[in-house]
Amino acid sequence: MDKQAERDQSAGPVKTPQETQPPAHNYTYHTNAAQRAVYDYLKNVKPIPELAEPKTYKTYEEASVEAVLYPIIEKHQVIMVAGAFFGDEGKGKTVNAVANHPGCTFIARVNSGENAGHTVYDDAGRKFVFNLAPSGLLSKGKRNYVGPECVMDPISFMENEVKQLIEANVPYKEQLFIGNVSIVTPYHKLLDLLASAPNSSTLKGMAPIHASKVTKRGIRLDHIFNDQSVLRSRLRKDIDTYFGFLKVKGLSDADVLRRCEKENGDGVVRVPPYVVEFVQAEDKVEYLVKLYMDRVRNNKNFPARCDVAHELRSALSRGEKVMLEGPQSYWLSNAREKFWESTTSADTTASGLLATAQYNFQLYSSVVINVHKAPGSSRVGVGANPSSFVAQDYFSAKGVKTLRDLPENMCVDFDSIQKLFFTKAFHPETKEYNGIWEPLEFEDSTGKYNIGVAMAVASSRHHGECGAVTKKPRVCGFFDCVLQYEVNAVQGPYLSISALDRGDDYDKLGITIAYVYYNGKNNEVLNINGREYKNGDIIKAGEAVPGEAALYYCHPIVKLINGWKQTPIAASKRKPGDPLPRGVCEFLSTVEYFTKAKIISIGNGPRGKDIIYIKQ
């Protein structure tokens, strides 16, 4: 870690991560005094030599899926498609490409739950939104499984996912099999709702159900299909957590009902009707037993059940190839201590997939294809995100649940905003350019906005970066090489970058190649994993990523890349085989240089086939 010579060297009080909280909320639409003070410090940070790297840029050429992806698949028995950032990376396209390989016949989700989500299209162009169902359901001749370490709300699964398959006449009964999953009940979702800040959770009950799971309470799918007395007993034991929470918080059923109505008040159904009915039920355990009897056990449309882990091992022993479809991502994994307070509750790294798939990794070769998204790399929820345009909890703190909560015409002129940001807020023409952006103001008919706020709102609008169902805005930012380097070191080298055709709309693009730490206090030192972080410290790609307590105060050092507006790569505008623009080559070269990844493909459109494979 480089030390800035000009920083205040006086040793101040040392704080541990447990004592350090996220920056206090003082968020405004316009640039405030605190933001100007941060910039006044950061603008004097000396440039790092890495801003001039790489010295030369590679030229990349297009190749076929058979020449790039298929050899990787054919060398291995287990292929994992995993998120490389904070989820929502556009993994579905790569998942479909792997699933379409003739030798890949077994496709599985093996952990996490319906808080994951992906949009996929079948050969007829029909759109499907899946949360827990594997994408291979739309490929003929593939068997799809939901493994026992997944968590499932079977009511939601039937209403939102299986219903789509039934209406589209997809023969899922022959293709979809469910393991002995842990059951997400209405009270898990209510605990999630009552304990979460706006825009900070998917409200799918993930933390509460995993708490039930690790404390060996709760129920699994097999309990619904067996002795009802055991089912009742286990539900009565587990539901005590919910009743205890209400007692501690002094909440009644009427209070909870009002909270549900408020959450659904803007027309987006975040709390489904059966959860509301649970709140209203006098005997809540009996309500659940009847609910599961009527809509799961006695439902002829419920998919077949099986021992998924056994089926997976049997498939491998027969020489079949298995694809594990990763939910969320590396940095959203609860098994990664750097962000563990703001992650999901399952291990969603590639190693987490491997562990929950329950096969002998000594016998079968595995490979990981990581997926990142750029431009407009995004994260939902709360937590640190050094490369974002605004603080990760900005929308949450402002009470913004959906884009509809913003002024109707606020920051809709994406082109003007990105032009101001990349051509005026940065100063690459100066000798002392250090990769820090100036907090300029953007003005439209609705008011004046800090340029970071304008970029965050405009990116969410322009790129559709909001939840497919919740419409919750994602917080966008730069491609982050500091975080991606660790992902590559742990589960690389293969990387697919989705949505790169978005770059068609930019004058320039930014890539985070390092962070500078600044907490706004002159002498405070933060001690994480035995290292002291002081104002002005630089954290580069390849160095240890600090914990979240420090990451809240890390600011991106941004390398600017030339755009390619005049030579768009979108599938609707580009002819297959056309040379890739210089700006694209600059972008890919920079990412490979700083992360050591091997980029195998880039996305260039919404359709499943809109992928450009990169000649290796």
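Each Cβ is built from the backbone N, Cα and C atoms, and glycine gets one as well.
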Listed in Swiss-Prot for the GTP site shared with Gly87, Asp88, Glu89, Gly90, Lys91, Gly92, Lys93, Gly117, His118, Thr119, Gly603, Asn604, Gly605, one of Arg236, Arg258, Arg474 | Arg474
Among Thr202, Thr241, Thr356, which residue does Swiss-Prot name as a further IMP binder in the site formed by Asp88, Glu89, Gly90, Lys91, Asn115, Ala116, Gly117, His118, Lys216, Gln328, Thr343, Lys472?
-> Thr202
Sort out for me which one of Asn115, Thr202, Gln328, Asn604 has the most neighbouring CB atoms within 10 A, since those are the binding-site residues we care about.
-> Gln328
Those binding-site residues, out of Gly117, Thr202, Gln328, that come within 10 angstroms of Gly87 (GTP binding site) at the Cα = Gly117, Gln328
Could you measure the widest C-alpha to C-alpha distance across Asp88, Glu89, Gly90, Lys91, Asn115, Ala116, Gly117, His118, Thr202, Lys216, Gln328, Thr343, Lys472, the residues recorded as binding IMP, and give it to a whole number of angstrom?
-> 34
Determine, to the nearest whole angstrom, how far the Cα atom of Glu89 (GTP binding site) is from the Cα atom of Gln328 (IMP binding site).
-> 9
Can you count the other CB atoms that lie within 10 A of the CB of Lys91 (GTP binding site)?
-> 28
Nearest to Asp88 (Mg(2+) binding site) in three-dimensional space, by Cα, is which of the binding-site residues Asn115, Thr202, Gln328, Lys471, Asn604?
-> Gln328
Binding residues Gly87, Asp88, Glu89, Gly90, Lys91, Gly92, Lys93, Gly117, His118, Thr119, Arg474, Gly603, Asn604, Gly605 (GTP) - maximum C-alpha distance in whole Å = 21
Asp88, Glu89 as binding-site residues, winner by CB count within 10 A = Glu89
Binding-site residues clustered about His118 (GTP binding site) [Cα within 10 Å; pool: Gly90, Thr202, Lys471, Pro473] | Gly90
